[in-house]
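A.B. asks: Take this structure first; my questions come after.
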Protein chains: 2
Amino acid sequence: MDLAPSPLSRAFPQLRAIEGVTLRVARARYKNWDRADLTFAELAKGTSVAGVFTKSACASSEVEMGREQVTLGLARALIVNAGNSNAFTGYRGREAVEQIMAQVAEALDCEPSSVFVSSTGVIGVPLPKDKARDGVAAVLESEPCGWEEAANAIGTTDTFTKGAGASAMLGDTRVELAGIIKGSGMIAPDMATMLGYIFTDAAIEAAFLQEMLSKANEETFSCITVDGDTSTSDTVLAFATGKVGNAPLTSWEDAGADAFYAALLEVCRELAHLVVRDGEGAQKFIEVAVSGAESDESARRVGLAIANSPLVKTAIAGGDANWGRVVMAVGKAGEPADRDKLSIGFGGVWAAKDGQPLADYDEAPVAKHLQGQDIRMDVDLGIGEGRAKVWTCDLTHGYISINADYRS
Amino acid sequence: MDLAPSPLSRAFPQLRAIEGVTLRVARARYKNWDRADLTFAELAKGTSVAGVFTKSACASSEVEMGREQVTLGLARALIVNAGNSNAFTGYRGREAVEQIMAQVAEALDCEPSSVFVSSTGVIGVPLPKDKARDGVAAVLESEPCGWEEAANAIGTTDTFTKGAGASAMLGDTRVELAGIIKGSGMIAPDMATMLGYIFTDAAIEAAFLQEMLSKANEETFSCITVDGDTSTSDTVLAFATGKVGNAPLTSWEDAGADAFYAALLEVCRELAHLVVRDGEGAQKFIEVAVSGAESDESARRVGLAIANSPLVKTAIAGGDANWGRVVMAVGKAGEPADRDKLSIGFGGVWAAKDGQPLADYDEAPVAKHLQGQDIRMDVDLGIGEGRAKVWTCDLTHGYISINADYRS
């Protein structure tokens, strides 16, 4: 099934090379297709690593091993397989990952534990070891390539190629960040999974890189939803080669730490938004801004309850400023809320305040706003200082067509 | 918008009259329509009452007051307004409810607190007091009617009329139960809400009636989902008139308590199923049977995660035995699970066992089963003794059409 590019797609940006990162792709032919589906990033010695992973209790071997590997803090290579997620494949799945780690480690003369592996695609079929072996051999010999080629090769059912970059000044030293991501919801046939990789030439101690990535994740990847479903393989890794030669960042007190975090946050946010923009059947990008909650975490949960509500998402699809459905979604979130203090608006215009519809509510500008592609919803709970932004897309006939009409 | 009856609809059953219950309906014209939209059940003196209500933090005044009223344990009347949910209407909404309670209490010479009020329909518009006053006056004067007429009058966007009955032997005394319900998901424009009422001529102490209703609710109404969304007004009330003259049931030790509970559970289960059968756009009724969970409650949560997954629901809509999506839904449930002990089947045939696809899996009978209207899914977690059944419907283009294409 070839899908037209999402109407919310963005052109792939100009991304600078990151010193200490060499990208290569090859054809492992994990599926019966003629495209690069195996991606290799070679990383300079001393590269530190951090990661965030799906909370799924049924995670893939790649995720189980990755969770352990990041605690060691060192990375020399990344391998991404596209077309087969290797999830729900038991010990045979684990063996395939270990084979790849050993093969790359031997070629680079490094520890297998510093070789990170991700896989995305069909569930329940063990990654074929022969194809993986030949593919890895081929990718080790292939020519270096650019960001867009790598971003393409990690994709499965993505309708456009996704990347984001930023830079930051650590004192007088300019550092670069570049990121690529794949994902478009849990799409048929189980071509699931969000996989994101961020690279920087800054030197950052692994523990602090993890602290920053985890914090950025809470405000970005953890705040997006397409259909509320969670992949068994979701992974975001950050690699810092240190090749720019700055004094390694070790804590928030270090000069430049805040600047670097701001750049990391920007890259994470853009990558997260791109995944939503490729949501199955999406016609509108929706930002839900929640304020006045008991805490930021509570605000995030309320925002996700709204963003995951099929009734809210179908209302937006229909261009309907249906604030009653937003009330319903706030009510079911299971978070502190007071019906009589709740305010709801669309596109900067309040429709209801303090638990009642506004008498002078002017629907015309709201209706116009809802005709657009970028929708803003404001929800003020009126009981505290907690805030969060959450992003999603609308729920359309396109989603049903992709997920129900197509047989795996 | 007039919808065709759901393909999963059931004919309204023959229900016996319940001594001590008199039903009447009238036209309050809460909307611009010509149909009965105000329902009145007069209950014999001494009728005990129990209730379960939405957990929404943004509940309507009717729900807030009902939660208090059931603690008193006595009911003389029920009023149900259809066409206006009176939710999210602040103090004006509460005043309308209090007016109805006072008016009925005066007519019946009873305490206002024994008059129960429910409302269902559009959110955010206070129930018009004048229409309520005239409607209540009219209904008090109208001729008694039967179950089907009352079940029709409480409905809003329901595509068929829903009722269920049962009987039980308390020693030599036969007692009757009759129930009616409305609800078909949170349907446009905010004609939300599941409202269910169960009546019996048995004598049952209010506290014990509450215990039985709460227990039955956990296995029935709390185990259904159409789209995962929760109304601000969901309510189920049970009334026991005692007119059959049995020695009042006060605890599980009493003779006949188990028999009565079995009948109550049967009525609750059938009413709950009927709501799912009227799910928006539903083409298939789905039973998810979870076993081997850490506890029954954990099994229920896993079942609801599966039943609420848009990807699982669209797969069933497409007749696709997509067990990979079920793995995904189990993983995201946040409950104890072990990928390598998980088994999944459809229509009594296992597709995956102990974390791996079955080598000799025969898809033909499964594909045939999925062509039908009644779908059974088995999920064994393999880690404990907890069990639950959960019911839902598939997610189809019909759901999108009803909720997105139609403007409120």
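Counting starts with 1 at the first residue shown.
In case you wondered, yes, glycine gets a Cβ from its N, Cα and C as well.
A TrEMBL annotation is a machine prediction, not a hand-curated record.
Sharing the record's features from TrEMBL:
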- A:Thr193: active site, nucleophile (ACT_SITE)
- A:Thr156, A:Lys182, A:Thr193, A:Glu280, A:Asn403, A:Ser408: substrate binding site (BINDING)
A.B. asks: Between the recorded positions A:Thr156, A:Thr193, A:Asn403, whose Cβ has more other Cβ atoms within 10 Å than any of the rest?
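C.D. replies: Output for this query is A:Thr193.
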A.B. asks: Run through the Cβ atoms and count how many others sit within 10 Å of the one on A:Glu280 (substrate binding site).
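C.D. replies: Other Cβ atoms within 10 Å of A:Glu280 (substrate binding site): 27.
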A.B. asks: Looking only at DSSP and grouping its letters into three states, which state does A:Glu280 (substrate binding site) belong to?
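C.D. replies: Looking at the DSSP assignment, A:Glu280 (substrate binding site) belongs to neither helix nor strand, so coil.
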A.B. asks: Round to a whole number and give the Cα-to-Cα distance in Å for the pair A:Lys182 (substrate binding site) and A:Thr193 (active site, nucleophile).
C.D. replies: 8
A.B. asks: Please report the Cα separation of A:Glu280 (substrate binding site) and A:Thr193 (active site, nucleophile) in Å, rounded to an integer.
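C.D. replies: Cα-Cα distance, A:Glu280 (substrate binding site) to A:Thr193 (active site, nucleophile): 13 Å.
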A.B. asks: In terms of Cβ proximity below 8 Å, which binding-site residues out of A:Thr156, A:Lys182, A:Glu280, A:Asn403 neighbour chain B?
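C.D. replies: Listed binding-site residues passing the 8 Å Cβ cut to B: A:Asn403.
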A.B. asks: Which of the three DSSP states, helix, strand or coil, fits A:Lys182 (substrate binding site)?
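C.D. replies: Where A:Lys182 (substrate binding site) sits, the three-state DSSP reduction gives strand.
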A.B. asks: Fill in the CA-CA distance, A:Thr156 (substrate binding site) to the residue listed as 'active site, nucleophile', as an integer in Å.
C.D. replies: 9
